[in-house]
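Visitor: Please find one structure pasted underneath; my questions will follow.
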Amino acid sequence: MRTLWIVAVLLLGVEGNLWQFREMIKEATGKEPLTTYLFYACYCGWGGRGEPKDATDRCCFVHDCCYGKLTACSPKLDMYTYSQKNEDIVCGGDDPCKKEICECDKAAAICFLNNLGTYNEEYNNYRKSRCIEESPKC
């Protein structure tokens, strides 16, 4: 119950792109991102440190790095345009910043899909305080 309350509070601050990212993950994987990825291992959700625990956590690490390269953009807030054609995610629009944000999210959603088979339930709701190794470089 405490986790659901925390998720509800966090959602109050979710705007634009993060909600789109949630939808993109849901469409790609069929999983509910808030319960599947929000508190997964060391890099999924807010913040990140230590060594990624598995392939799914590495998807989140790479996504964080991708956002980190977009210094002139607001990746957590900017709304972008995308569509799904067959099973492909297609980023659209004319704004280069928004398109790059979409591409970061697309890569993560596809990464999650490709690693569904190695998703480890033991890392769901993982305490970030256990992520003590040195973080790899992007």
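Using the three backbone atoms N, Cα and C, a Cβ is placed for every residue, glycine included.
Copying in the features that Swiss-Prot gives for the protein in this structure:
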type: ACT_SITE; residues: His63; note: active site
type: ACT_SITE; residues: Asp105; note: active site
type: BINDING; residues: Tyr43, Gly45, Gly47, Asp64; note: Ca(2+) binding site
type: DISULFID; residues: Cys42-Cys131; note: disulfide bond
type: DISULFID; residues: Cys44-Cys60; note: disulfide bond
type: DISULFID; residues: Cys59-Cys111; note: disulfide bond
type: DISULFID; residues: Cys65-Cys138; note: disulfide bond
type: DISULFID; residues: Cys66-Cys104; note: disulfide bond
type: DISULFID; residues: Cys73-Cys97; note: disulfide bond
type: DISULFID; residues: Cys91-Cys102; note: disulfide bond
type: SIGNAL; residues: 1-16; note: signal peptide
Visitor: I need the neighbours of the Ca(2+) site defined by Tyr43, Gly45, Gly47, Asp64. Which other residues of that chain put their C-beta within 8 angstroms of the C-beta centroid, in sequence order?
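Guide: Near the Ca(2+) site, the remaining chain residues are Cys42, Cys44, Trp46, Gly48, Cys60, Phe61.
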Visitor: For Gly47 (Ca(2+) binding site), name the DSSP secondary structure in the helix/strand/coil scheme.
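Guide: Assignment for Gly47 (Ca(2+) binding site) reads coil.
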Visitor: How many Å lie between the Cα of Cys131 (disulfide bond) and the Cα of Asp105 (active site)?
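Guide: Rounded to the nearest whole number, the Cα-Cα distance is 24 Å.
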Visitor: Between the Cα atoms of His63 (active site) and Cys104 (disulfide bond), find the distance and write it as a whole number of Å.
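Guide: Approximately 6 Å lies between the Cα of His63 (active site) and that of Cys104 (disulfide bond).
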Visitor: Around Cys59 (disulfide bond), which residues of its chain at least 6 apart sit with Cβ under 8 Å of its Cβ?
Guide: Cys44, Ala108, Cys111, Phe112, Asn115
Visitor: Tell me which of the binding-site residues Tyr43, Gly45, Gly47, Asp64 ends up closest to Cys138 (disulfide bond) in space, Cα to Cα.
Guide: Asp64
Visitor: Cα within 10 Å of Asp64 (Ca(2+) binding site): which of the disulfide-bonded residues Cys73, Cys91, Cys97, Cys104 qualify?
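Guide: The disulfide-bonded residues passing the 10 Å Cα test are Cys104.
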Visitor: Given the recorded positions Cys60, Cys66, Asp105, which lie within 10 A of Cys42 (disulfide bond) by CA-CA distance?
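Guide: Qualifying among Cys60, Cys66, Asp105: Cys60.
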Visitor: What number of additional C-beta atoms lies within 10 angstroms of the C-beta atom of Cys65 (disulfide bond)?
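Guide: Excluding its own Cβ, the number within 10 Å is 15.
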Visitor: Pick from Cys97, Cys111: which of these disulfide-bonded residues has the biggest number of other Cβ atoms within 10 Å of its Cβ?
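Guide: Compared across Cys97, Cys111, the most Cβ atoms within 10 Å surround Cys111.
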Visitor: When the Cα of Cys60 (disulfide bond) is compared with the Cα of each of the recorded positions Tyr43, Gly45, Gly47, Asp105, which one is closest?
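Guide: So, spelling it out, the nearest of the recorded positions is Tyr43.
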Visitor: Same chain only, sequence gap of 6 or more: which residues have a CB within under 8 Å of the CB of Gly47 (Ca(2+) binding site)?
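Guide: For Gly47 (Ca(2+) binding site), the qualifying residues are Lys128.
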Visitor: Counting only other Cβ atoms and using a 10 Å cut-off, which of the disulfide-bonded residues Cys104, Cys138 scores lowest?
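Guide: Comparing Cβ neighbour counts within 10 Å for the disulfide-bonded residues Cys104, Cys138 gives Cys138.
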